[in-house]
Structures are given as structure tokens and as C-alpha cells.
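Quick notes on the structure that follows.
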């Protein structure tokens, strides 16, 4: 039996990757299966069940998919049954992973793929729940298991994580090699910290009632249990499919989950029955059980077991008022239960480990689809978001710049064509509308955005000439991304299946209602390039949207096959769609290569300064125009492309300015978690109960999620532009600590510029918004 694989690294939130693996299994017509917990709760705490080829503990995501890269544990023998228990009929035996498999070339991994390092990131201060003041903690390990954020150029259409997908992506290219971390940030600077605590109670309409409070406590208990239990879940054979390769394990799968689902109703999770773990691992099992018990009691309001203390926010030099509803933050004990196994690997199991890494990376996108990462946007009126009392006590209220208070402008003249004018009015909630009428209304709105009266055939939109030059360049749970040429200009086509019954890459297809906000958000930010009062070209351009019908064109399937044979695909081959299947095709401009892949390719630190300047200006314009927060601006969502322009121009509140390009233009993508507002309508993604998103470790990206939650007190409908500052701080950290430049800092000008960026890094958290930074900070003077 092959040796167990190590515990996973921090699972970073991504939509797709270029990792290859075993050929994806096609599951035509597979209906969604209701979630049921597995039967044997002893599997929750088996220390051998948490092993994988990645290098550190991961509690960012929970999964019931045996292909989950966070939990592809060691081969498992037949499960012992308890005395008096009935033996399930027709239960197939589990087969151990073969010791040797044929060698396959390893596809390059992006540092956001959950694989690599064989140990969890070290925390010099001894507290795994927070980041060390030393900025080098955020660096990447040297063995290829980097813990950077998602490098995807496109994100799937619905999710928080990282997120859910959004249709605002562009072109993806091959990933670059991994980078050895080099920390050059000031040693005396303290990173902002937000403890791995329970979330503040999410703001909702039931908050004022006793029933609402009970509901929130129940949700917290469920989230805590889910995160703890499935972090230690034994998935069995990592090569098996979600319900068995041939579907024969479906009955056992659902039966096991149903039994454990009943047991989880009570807090009595302490071990009963025989143990499957070794003596060496039994103490870890008991510790894990006690942690889950404490988490359960904490969610129910039980006293004792957890020491409470106030979590510290970013350090400011100015005064700020205390939050009215500031509560104590309790550090979760789940993160103290993380362990790694130093088992010796035989020569033959190295091949298995390499192959499993590829399979794990490919299944990561399907994992996200199974656990609340693909939610629809919430559309509501400004007056219905959380109370202004919470906003008044936010971390940054006392620092709000005068530029942040300008009302959202009525920006676009209604005399323009529909595609060149705002469509936010289409999202106005109609509470009195019937369900059937609403679906028809949503379809009509979408067809209106497409300038169609109904779906058109694939061939009417994609001519034979366009199809012949199509090349697949990216993918996600949402679907596929192809590059083609339109009017002698390269464009990216994002193809998303909608309104169908079949699962697509493990996720339900979106409806007209769910896809419409994604389209309109991309359109609103793209339209900022045409505005007068607040103008920027820093957001990816959306050229057109079409709704097509039919099966996948053969030439696109050929492009899909070529991508799979050269890079490896995590998606199912899209050949199972019927003739009546609907697709949304979003045509984006060419966006370039993401910052993560360019981390070794930039010419000098001066180029990095231009990148920071362009991103800050784009966010500032979006703040002034749309009260915009990106909320997931990791370096995989920053695209760079070459430009011959010496300067880029933007307009903020009527004032025109320019930025030196240094030969590169920045495009921001992926509005999955974003929040924007216009004409009294707010569109946002409510992640208040997605506890797994806030429990990641090993990268500064995870700390940003927690700091955002602390800033807005877990009310995600509110406007808090300070969240944009937090993401700019994250990007500056990446530039200083994890990027290398072709030209070293050997000239006085470059040395002076590096010191300016270091000063920017040290002082930027004292500013209230991207607008405040752009107008007031010395780096941009």
C-alpha cells in the first residue's frame, strides 16, 4: 500500500488553473445530489485521512468530493464495522492506490493551486491564528508549494474565493515558474492582524427578533462543525470519482452521510467505538474531537473552553472612533489542531505523489462548486442595507476623505445606445412579481442586453472563420474561455451554459436571474472608460454579450482537446450538451497576463510603481462613480499587457491626470465578491456566513478577508472603501516580497523609488480609501 501523503497547504480560492491531471470524467445528465454527511464519524478525526500532496493545513474549504485536493488521503483498507451493525448490501470494496503508475510530465502549477509544500507555514510568534510581524512570513516556500493567491485570469460566474465567478475576465497564458521568496520589506513594520475568530453576527432583516438571533447561532454552529469535521475527513481512494467512478457507490455514499447527519444534531462528538488510527495519532484525534466539541458549545452560547479577547485591527496614526457594536473576538481552537505527518516515502510512492498532485489541482475547481462558492449576487435598495449605526463606527469613518462623499453620479446620457448606457435599472427589485412572470421578465431583460429577441444558433454568432482560429486559453467552473480574432483584434470569449438541468463541472447552471447581475456589473465597470466626470480604462472591457443555443461546435471541442492534451483540463469535456442548451457568450478585450505570472518578468521597480499607480487610480474612479469595492483583488486578478502609450489618462471628479505606463497597461478583472451602487440600487455578494473563506492561513490574502469582515462588521451590503486600501496593501506586499526584477536596484533613482514604495507600504493603512491614497499620498505626487 502506498504511503500516506502529507497534509495539504492552505487551499487558496481560485476559479480554475492550468494544472493537468487525469482525464476528467464526463457525468452526462448527472443530477445534483443533496448533501448528507458520511456515516463513520471516526473518519473525521483519522490523522491519516487528511494527507495530501500539498504542504500545509487547509481549512479554507470543506468538501465531500473524494477528488478534493485538500483531502486526497492515503489508501484506505476496508472499514471496520461496529458490533451488531448490519453489513450494507452490494458495498464495493475500496481499492488501494497502486504503488507505481506510469510517469507523466508534471504541468507547471500556479502558486494558488493547493499543492506543493510538505509543511504548514511557520509562525515565528507561535500563534498559528495570526500573521507574524515579520513580513517574510508571507513569502513563498522554496519547494514549489507556494501559498500565493489565485492566478486565474478569469473567475467563474458566481462565487466568493475566493469567490464565485464573474464574467469580466480576459486572456490566460501559460503559467510561469515558481518564485523563491525574497523579503525586502521593513522589519519594524507590523502587518495588520485579524484573529481567526468567529464572524460578527451577519446583518439581516431578522436581526431584531429573537428568532433571528437563534437562527444566526444555529448557522454559526453548523459552519463551525462543517469546517472542523471535514478538515479531517478521509476521502478514500483519491482516484475515485465523487460518487464512485461508475456511480455504484451512490447508495453507500448517501447512506453514510444520512447516518452521520443525525449524529451531528447533538454535541456529543467524543469518540465512541473502536479507533482506526494508530497509537501515534490517537492523541491528535482526541484533540480534534475536543476542539469540535468546544466550537459547538461556543456557537450555542456555552461558557468556558475558549478565551476571549479583542482582535487588533490595522495600526493607524490618526484617531478613529470605536465601533458602537464592537464585540469580543474569540480565536477558534480549530487552527491549533493542525498537524503534519512526517512519514517516510518509499521510492515507488514518489511517482504516485506527483500524479496525485496533478489530479488534486484539477479537482479544485469542482470542489468550489460543491460548497457555496457560487452564489448569486444580492440586489437591493440602498435603504435596505445594514443600519448606518454600524457604518458610523467603522474603522475608517473618521478618516473618510472629502472625495469619498460625492454622491454617485448619473453618468451616462440616456440618448446613447442601450449597449453604451447603464443597465442598472434592470436590476430594480420587483417584490410583487410572480415567480413565473419574473423568470420571463429576467429572460427578456437578458435578451435586451444581447440586442436579441431570443437565442440565436451558435453558427450565427461564431462563423466558420472565427471558429477555425479559436484557441482555448482558460477555464473555470463556469465553463470555457477561448481566444479568437474579431476585426483583426484578439478577443476572449467566455462561454457559460445557463438554464439547463445538467451539472457543468460539478456546479448547477445559472439562471437568467443569476447571470444578469454578472453581466451588468461587468458592463458598468467597462463603461467607466467612456465617462467624462469619472473615467478610467483600468477595468477589463466588455465588447458584447450574446445568448446562443445548440450543442458545442466541433471546432471548439477540438480546441478543448488540444488544451487538455497540452496543459491538462479540470473540466468535463463539453460534448454532452443537447441542441436546446442555452449559452451566454461574453466577448472581452484582450487583457494580458496576470501579475502572479509576471512576478519574474518585470523590468524594474519603476514598472511596479506604475502598476500600483494604475490600480489605485482605477479603484479611486470606481469609488467616486459607483461606490465600488473589489473585495478580492489578489494578484491573479490584475492583468498586464504591453502598450505603446507613454501615459494613460484618467479623470477623477472632473480633474484629468496621467500616469506613466512604463510599457504596461493594467486591467482589473473578476468582480465575484465586488460591491457597487448606482441610482439607489446596491449589488453585492453576501459572504457573512461563509466561515471557510475567513479561516485560511499561510498567505496575507486570507488575512485581508478577515480584516474586511472586521471593517464592515460582517455587513457586506454597506460601503467601506477602506477595503480597497487593504487590497492595495496586499499587492504592495507582493511587489516588495515576492517579485524580482530584471534590473536590480543599483542606481540612485531605483533605490530612491524602492524606498518610496516601502514608505507607501508602511503608511498606506492610515488612509481611508483608494481616492484618499491617490490624492494625498506622496508616492503619487
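From the backbone N, Cα and C atoms, a Cβ is placed for every residue, glycine too.
As recorded in Swiss-Prot:
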{"type": "REGION", "residues": "1-102", "note": "region 'Disordered'"}
{"type": "COMPBIAS", "residues": "46-63", "note": "compositional bias 'Low complexity'"}
{"type": "MOD_RES", "residues": "58", "note": "phosphoserine"}
{"type": "MOD_RES", "residues": "93", "note": "phosphoserine"}
{"type": "MOD_RES", "residues": "132", "note": "phosphoserine"}
{"type": "REGION", "residues": "261-290", "note": "region 'Disordered'"}
{"type": "COMPBIAS", "residues": "276-287", "note": "compositional bias 'Basic and acidic residues'"}
{"type": "REGION", "residues": "303-330", "note": "region 'Disordered'"}
{"type": "DOMAIN", "residues": "467-781", "note": "domain 'Protein kinase'"}
{"type": "BINDING", "residues": "473-481, 494, 589-594, 632-637, 670-672", "note": "ATP binding site"}
{"type": "ACT_SITE", "residues": "632", "note": "active site, proton acceptor"}
Inset, instruction - Determine the most Cβ-crowded residue among the binding-site residues 473, 477, 481, using a 10 Å radius around each Cβ and all protein chains in the structure. - result: 477
Legend entry - Three-state secondary structure, residue 591 (ATP binding site) (per DSSP): coil
Legend entry - Among 591, 632, 672, the one of these binding-site residues whose Cβ has the fewest neighbouring Cβ atoms within 10 Å: 591
Legend entry - Three-state secondary structure, which DSSP defines for residue 636 (ATP binding site): helix
Inset, instruction - Could you please provide the mean pLDDT value for the domain 'Protein kinase' (467-781)? - result: 94
Legend entry - Three-class DSSP secondary structure - residue 477 (ATP binding site): coil
Legend entry - Neighbouring C-beta atoms (10 Å sphere around the C-beta of residue 636 (ATP binding site)): 32
